[in-house]
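Trainee: Quick one: the structure is below, and I'll ask about it shortly.
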Amino acid sequence: MGRLWLLRLVIAFGFAQAAVSMARPAVSYRALSLGADERAIGVIAGVYALLPLFAAVPLGRRTDKGRCMPLLYAGVALIAGGCALSGLAGSLPAMAAWSGVMGLGHLCFVIGAQSIVARRSDPAEQDRNFGHFTIGASLGQLAGPVAAGALIGDDMGPTSALALVVSAAVAAVSLTSMWRIELRHERVGHKRDAGVAKVPVHRILRTRGVPAGIFISLAVLSATDILTAYLPVVGEHRGIAPTVVGLLLSLRAAATIACRLVMTPMIRRLGRTTLLTVTCLLGGVLCAGIALPVPLWALALMLAALGFCLGVGQPLSMTTVVQAAPPGARSTALALRLTGNRLGQVAAPASAGLVAGLAGAAAPFVMLGVLLVVSGGTAVRTGRSGRGPAVTGGPDGGTPGGSPGGASREAGGAGPAVAGAEGPRGGAAAGTDGTESPGRHSRGVR
């Protein structure tokens with residue numbers, strides 16, 4: 001069976017993300033048809049992340065002590081409901097409210113899905129498996145805007161409403177591949193994990209590697225989110241048709257997919273710190289460049305390069321947080337990472353709306369460029385201080401405590417993981433900085 005569970009999860013995530021990526025620009029166009037200005041667009045985009053901001057940690061706590069699949073089912077239901085009701089809403093406050101429901105559904109799905117990947121992956125496989133998992137998000141981000149652009153026409157009101165209703169149906173399709181993703185025997189192991197004392201949030205946040213992973217993820221996701229929400233506004237100001245805007249957003253997503261397909265060789269050649277630093281710094285420059293009044297072909301090239309750079313931060317920040325997290329708190333640590341993401345999704349759109357109102361619709365991209373450059377500096381500091389946990393594919397291509405190149409597992413597929421038993425503290429499974437590997441909580445693929 002190998003990694004068929006991961007393939008099914010990627011497919012389900014792809015449809016769920018496609019629904020959200022189709023709905024986000026449709027929400028912007030629907031709001032514009034209802035008379036929204038740049039500030040209102042920023043507020044609606046921020047509400048999408050507001051409910052998840054408060055719900056992430058409780059959901060992570062619950063997932064640490066139980067199964068993940070209920071969160072996936074709840075996530076699909078909330079995404080579909082939020083999309084459909086946004087299409088039926090006739091006022092800006094109602095659109096903001098249903099956008100928040102959509103965001104809560106996306107959070108539920110992502111926490112559950114990321115926790116499954118963390119549980120079912122050996123430490124040496126986590127970079128690869130998280131990278132493949134996030135391909136589902138990229139596929140959704142590729143297809144969603146194209147579908148939205150194809151449905152939304154010159155009469156933005158009814159056509160954007162249609163796009164939102166269709167996105168609800170797309171979310172429901174994800175249910176068709178959500179079977180045998182989480183194994184029954186994982187519940188036995190997590191009853192044992194539930195006996196571990198609850199780790200305080202402040203201790204998780206003080207764990208070496210966790211804050212850096214959270215901030216890098218926040219910066220990358222904020223850039224992706226504002227790009228999705230504000231490129232339609234920039235296109236409207238520059239006379240770019242919604243169909244072309246959808247193609248540009250999908251070009252960015254396609255470049256992200258390409259990045260994640262070749263990420264493991266890049267980690268082996270450059271090392272995690274160098275790869276994170278270079279992509280964040282270059283991404284910051286490219287993001288700021290979108291504010292320039294460049295020709296359409298130049299904008300397309302910048303978005304393709306930006307998409308490639310943004311493809312690195314999310315999967316590597318997941319592995320960083322998972323491998324640095326204290327025992328029995330991996331789902332909570334991932335939830336804190338998502339809380340940081342949602343904090344960025346609340347603050348960044350609000351700030352973007354303010355900046356856009358003062359300096360024009362393209363100005364938020366300069367703000368996000370600065371944020372990405374700062375995150376690149378964070379990656380440099382983390383690497384120099386040795387805070388990041390050792391992972392597969394360092395500069396020498398080796399795995400911590402493993403064979404060079406990390407090829408032994410990848411050549412034979414997923415391979416068996418440690419099931420049930422808890423490994424010793426430290427040893428080869430721990431990173432070179434002494435952070436504890438999540439390997440002793442990993443559940444095997446039988």
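Each residue, glycine too, has its Cβ placed from N, Cα and C.
From TrEMBL, here are the annotated features:
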SIGNAL    1-18  signal peptide
TRANSMEM  39-59  transmembrane segment
TRANSMEM  71-89  transmembrane segment
TRANSMEM  95-118  transmembrane segment
TRANSMEM  130-153  transmembrane segment
TRANSMEM  159-181  transmembrane segment
TRANSMEM  212-233  transmembrane segment
TRANSMEM  239-263  transmembrane segment
TRANSMEM  275-308  transmembrane segment
TRANSMEM  352-374  transmembrane segment
REGION    380-446  region 'Disordered'
COMPBIAS  394-405  compositional bias 'Gly residues'
COMPBIAS  406-422  compositional bias 'Low complexity'
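Mind running through what each feature is packed against?
Mentor: Counting only same-chain residues 6+ beyond the ends of the transmembrane segment (71-89), those with a CB under 8 A from a CB of the stretch are 12, 16, 19-20, 23, 26-27, 30, 59, 63, 95, 97-113, 160-165, 167-169, 171-172, 174-175, 178, 181.
Distant neighbours of the transmembrane segment (95-118): 5-6, 9, 12-13, 16-17, 20, 23, 27, 30-31, 34, 43-45, 47-52, 55-56, 59-60, 63, 68-72, 74-83, 85-86, 89, 126, 129-130, 133, 171, 181-182, 318, 322, 330-331, 334-335, 338, 342, 345, 438, 442; these residues of the same chain sit at least 6 beyond its ends, with a Cβ under 8 Å from one of its Cβ atoms.
For the transmembrane segment (239-263), the list of distant contacts is 21, 25, 29, 127, 131-132, 134-135, 138-143, 145-150, 152-153, 156, 227-228, 231-232, 296, 299-300, 303-312, 315-316: same-chain residues at least six beyond its ends, Cβ to Cβ under 8 Å.
Below 8 angstroms of C-beta separation, residues 216, 219-220, 223, 227, 231, 234, 238, 240, 244, 248-249, 251-256, 258-259, 266-267, 316, 362-363, 365-366, 368-373, 375-376, 379-380, 383 of the same chain, each at least six residues beyond the ends of the transmembrane segment (275-308), sit close to that stretch.
If one looks beyond the transmembrane segment (352-374) by at least 6 residues along the same chain, the residues whose Cβ comes under 8 Å of a Cβ in the stretch are 37-43, 45-46, 219-220, 222-223, 226-227, 229-230, 233-234, 236-237, 280-281, 283-292.
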Trainee: Which residues of the chain, 6 or more past the ends of the transmembrane segment (159-181), have a CB below 8 A from one of its CBs?
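Mentor: Same-chain contacts beyond the ends: 4-5, 8-9, 11-16, 18-20, 22-23, 26-27, 29-30, 33, 69, 72-73, 76, 79-81, 83-84, 86-88, 105, 116, 144, 147-148, 151-153.
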Trainee: Can you tell me which parts of the same chain pack against the signal peptide (1-18), counting only residues 6+ beyond its ends and a CB-CB cutoff under 8 A?
Mentor: 72, 75-76, 79, 106, 109, 113, 116-117, 120, 129, 132-133, 135-137, 139-141, 143-144, 147, 167, 170-171, 173-175, 177-183, 413-414, 445
